[in-house]
Structures are given as structure tokens and as C-alpha cells.
Amino acid sequence: MTTFDDIQDKVPAPSLEKKISSDRVLDVGFWGLTLLLAISAGAVLIWVILQTANSSLPAIQQFGLGFLTTMTWNPVTNIYGVLPQIYGTLVTSFIALLIAIPVGVGVAVFLTEDFVPRYITTPIAFAIELIVAIPSVVLGLWGIFVLIPFLRPFFQFLNNTFGWIPIFGGGAPRGNNLLVVGLVLSLMIVPLIISITRSTFEVLPPSLRAGSLALGATRWETILKVLIPAGLSGIISSVMLALGRAMGETMVAAMMVGNANRIDISILQPGATITGLIASQFGEAGRLQVSALMYAGLVLMVLSLIVNILAELIIRRFQNIE
Amino acid sequence: MTVNNELINQSQAFSDSTSVIDVEDWNVYYGDFHALKSIFLKVPKNKVTAFIGPSGCGKSTLLRCFNRLNDLIPSFRATGRMTYHGQDLYSSNVDAVQVRRRIGMVFQKPNPFPKSIYDNIAYGVRVNGIKGDMDEIVEQSLRRAALWDEVKDKLKQNGTAISGGQQQRLCIARAIAVQPDVVLMDEPCASLDPISTLKIEELIHQLKENYTIVIVTHNMQQASRVADLTAFFNVRVVDDKRQGYLAEVDRTEIIFQNPKEEATQQYVSGRFG
């Protein structure tokens, strides 16, 4: 009779030592490859930052931090400052977010909560993602030739009726203004918010929904008070990516913002953005001017960095509710 | 007619207590698929009714009919009559949201909201517009769910950060905070360790003073420990599709010791299922 012990005796003890096999070579090779790719992604970023900083050195030495608070941009006297551009960048991005967040989250809820059958939501979702494929220069042209003429009466109406509110005030509204740039930017970032928020909602456990409904909550209460808070970190990351995109978008701003070197509290007046400034002046810039433009680019990068760090902090804060 | 016999059996079993939910000739379909066939059942007040039976016999489906949670499934369709204190649960003027407030539910996997322990309980109370001192309601609900002593110092902690057994008791506390009449439990101990299971079972014993409880369980011992009435569901193959039906319902002792149906005998003694 064969006992368990007999069988045990016949089986050699398996070796636990490292073996040089093809598996192991692949394993180490793969590790090395991913490490290389990860490092090169970081290295390119650092290279760009260093190069930009280096090129902007003359301007930094000349203007220092005063660059951030100066309103002049004068290639003739070589005095540069980007306060209006910082203001314009922040205002247009803020307008874009103000429109894109509710629309994006709303559409994401609509697409994931089975309000309508799948065969209707799938093409809608596909069409939304196609918006991303439109080149921004095309959107800029569309803005100039279609959107601005279309919205002109609306701007006029806002100015006439709500002109007493400073943000709609100022003189006669212009076609190229901060609001129209914010609108087009919102169109560009809404797909980002929708697709990330949508995938966040899709991976929320269905038991959350059932649990809330089983307590006698309505569908809206479930969405607003359980699902959206549960998916908040995903929503915030989508918003932050979108904000980065809005702040960095160049063509639309350069084509539609008016490139007016001024700070106007009214969003119906033209303004300027950092990206628009760089794009429109780079071609014919003198030496110190190029350096100043590089400095402006550096400012934009730092702005984006601050926004991203803030986002990271917000997400951490919401992830552990204590 | 076995169906009629079951009805008679059951009315003899608990003729002294009134029924909270009455099910008459209830059929459930998912599209063309006939999932549950002609169920007759009375759920007695302030008793624990257990649903047992092999997988796919439709016991959870029936449970989810009681609080109209199946409404969420587009292909769901039901025929027959299901009444709650005499009111037709599926009448067109009945609001499913109101039904779910009266008939609460605890799920198979603990599903606390990713909110604080306090807010997990306050949420249901708020959406139902229940007036009262919220701190008091939270404390009372947690006490009834035998969880207060363990969490009273960390009410602001996330409800998902406590142990599985605690999470399930939190879900029970959350369900009873909205002052329901019936509590449905869908395999509430399926994902819990034996000690947590024991705590939940003790809790069920206490809760039946105030609530009517219906529990689905795969655990035979659990049914025999907690239930006053046990319903055995079975599954048969009709046109190559599995169809659930209610095979037998009676006092728990009778189901476990002296059932009338052969299949029940085999199932409770562990010979199939």
C-alpha cells in the first residue's frame, strides 16, 4: 500500500534558488524597459523646463518678479510684463470650467444612469469623444466666422440689460472677448470631463445605488448625495486635467481673444492670454522679447503646476473622509 | 393541487398572527424567461421568515419584489398580486420610494456609503424627511444594531474603513434608522466570519420584537436558528430553462424535522443544493 509518506519521499524537494531562464531574462528586461520609459518621460519634462528657464534668464534678470505685476508689453522700449495675460488666462479658464463642469458631470450622469437605452447613449458618447478630434485651429475659425456673429446680439443684450453688473459692463461689447474664448474652451474640455467622469461612475459598485434606493431615496437624491460624492475624486481629476488643457490652449485664444494688452473687469471686452501672447509675437520677436516670451511660458507652466498640486491636495482630502 | 395545500399549511402554521405581506399567484419574468412560477405566501407580522433553496431558485428575486428593487431591471415583469397591509404594492398609484421607506433592505455584501459612519445613518433619515434630533437617531440606531459601543468614538470615520461585520451592522443600523416596518435581508452573513454572523443572528432575534423580518440564506443552520417560518424554494427545468417555485412553507421545526416534500427533506439534510 502506498502511503502519503512514500509519495513524499519520491518527489525531490523543489529548488527555490534563482534560475537563469528565458522567463527571468524577459522579466528583468521588461522591468528595465519600463524603467527607461518612465525616466525618459520625466527627463523630457525636466529638459523642457530647464531649457525654458535658461532661455528666459535674461528677462528674469531684467524684470524679476515685477514681470508678474507689470501691465506693459512694449517691444520698442523693451519693457515687458504679463499681468493682463495672467488675468486673461485665469478668467477664460474659469469661464470654461464654470460651463464645462455642470454640463460634463450632467452628461456623464445621463450616459451612465440608464435614463435612456444603451443604443441611444452609445452614439452620443461616441460623438462627444469625436469633439476632441477637431483641430483647435478649426474651432478658432468656426468661432470667428460662425459663433461670434451668432452671439453678437446676445452680447449686446447682456450689455444692455445687465450692463450695471461690472462683468457685463464696459463700452459696446466686442466680438472678440473673454467670454467667447471661455465658451469655445468649454466646448474643448467638456469631452474630457465627460469621459473621465463617466468611467468613474461606471466603476462605482451597483450596490451603492441599490443601497441608497432601498433606503427610500429617489433617483436624484441617490445621484446627488451618494454617487457624485462617491465619484468626487474622479470628477476632480477630470476637472484638473480640463483646467490644464484650458490654460494651455493656444490657437483658440490667439485667434479669438483680441490680444488686447489690458485688464478689463468686463468679460465682454477683449483681453489677452499667455498662450495667445506667445503665439502671436514669437515670429517677429527681438532678443529680449523672445526671452520675455519664454519667461511668460515659464509663468504658465508654474501656474499649471500650482493648479495640479492643489488638485492633488483636494483629491487626497476627499479620499479619506475623516 | 400542491399550491393550495401549501396555503392551507401556512395558514394553520401562523393563524394567530396577522400577515404583513401577502403574495398571491406571483409570477416573475425577465423578458421571455419565466423566473418564478405562481408563488403563494403570507409573511407574518413580527416573525422571522427565512427563504432557503438552491442557487437560482428565485428567493432573492422574490425578496427584491417586496421593496420593488427589481423595478430597476428593464426586462423585469411580474403578474399576480402582492399586497402590503392590504395595499397592492404594484398598483399604478403606489410610489416605489414610499414602499422602500416602509420595507427596508440589508444586502448580501455590506454596502456602506463612502461617507462617515454618522452620515451613513443620517443620509436615509434626511432623505425621508424624518424630524428629530439627528444625534439621538444615530445613537439609537447604532445601539439597536449592537454597534454603538464599537464606533461611538469614531463616528466621523469613513463607514467603509471598519471591519466587514461592523459594516454589515452599520447597514442594518442604516436600514432601521428610517423606522421601517419590514426588514428584508438578502444573505446578510454570506461574506462574514462566524463571530460576526453570530452577532447578526442575535441582532435578528432582538429586531423581531419591532420589525417583521424576511431573510434569504444559504446556511441551513442559520435558518433553523433564526427563523419562525421557513419557505423552501426549489428549481425545476421547464423548456430547458430553470424556473423557481415555492416547494414548501411551514414552521421552521416542521421544515427541518418533518417536511412533507421529499425535495425539502433532501435539501435540509444536505443531500442536494
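Residue numbering: from 1, along the chain as shown.
For all residues, glycine too, the Cβ spot is worked out from N, Cα and C.
TrEMBL has this to say about the protein:
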DOMAIN    A:86-311  domain 'ABC transmembrane type-1'
TRANSMEM  A:28-50  transmembrane segment
TRANSMEM  A:62-80  transmembrane segment
TRANSMEM  A:86-112  transmembrane segment
TRANSMEM  A:124-151  transmembrane segment
TRANSMEM  A:178-201  transmembrane segment
TRANSMEM  A:222-243  transmembrane segment
TRANSMEM  A:292-315  transmembrane segment
Discussion item. Using a Cβ cut-off under 8 Å, which residues of the same chain at least 6 positions beyond either end of the transmembrane segment (A:292-315) come close to it?
Written reply: 49, 52-53, 55-56, 59-60, 63, 67-68, 80, 82, 85-86, 89-90, 233, 236-237, 239-240, 243-244, 247-248, 274-275, 277-278, 281-282, 285
Practice prompt. Would you mind listing the long-range same-chain contacts of the transmembrane segment (A:28-50), meaning Cβ under 8 Å and 6+ residues beyond its ends?
Written response: 298, 301
Worksheet entry | Interface-richest range of A:62-80, A:86-112, A:222-243 toward the transmembrane segment (A:178-201), CB pairs under 8 Å | A:86-112
Worksheet entry | Within-chain partners of the transmembrane segment (A:62-80) [C-beta distance under 8 Å, separation at least 6 from its ends] | 86, 261-263, 277, 281, 285-286, 288-289, 291-292, 295, 299
Worksheet item: When you scan the chain for residues with a C-beta under 8 Å from the transmembrane segment (A:222-243), skipping those not six or more beyond its ends, what do you find?
Response: 93, 96-97, 100-101, 104-105, 109, 113, 189-190, 192-193, 195-197, 199-201, 204, 208-209, 211-213, 307-308, 311, 314-315, 318-319
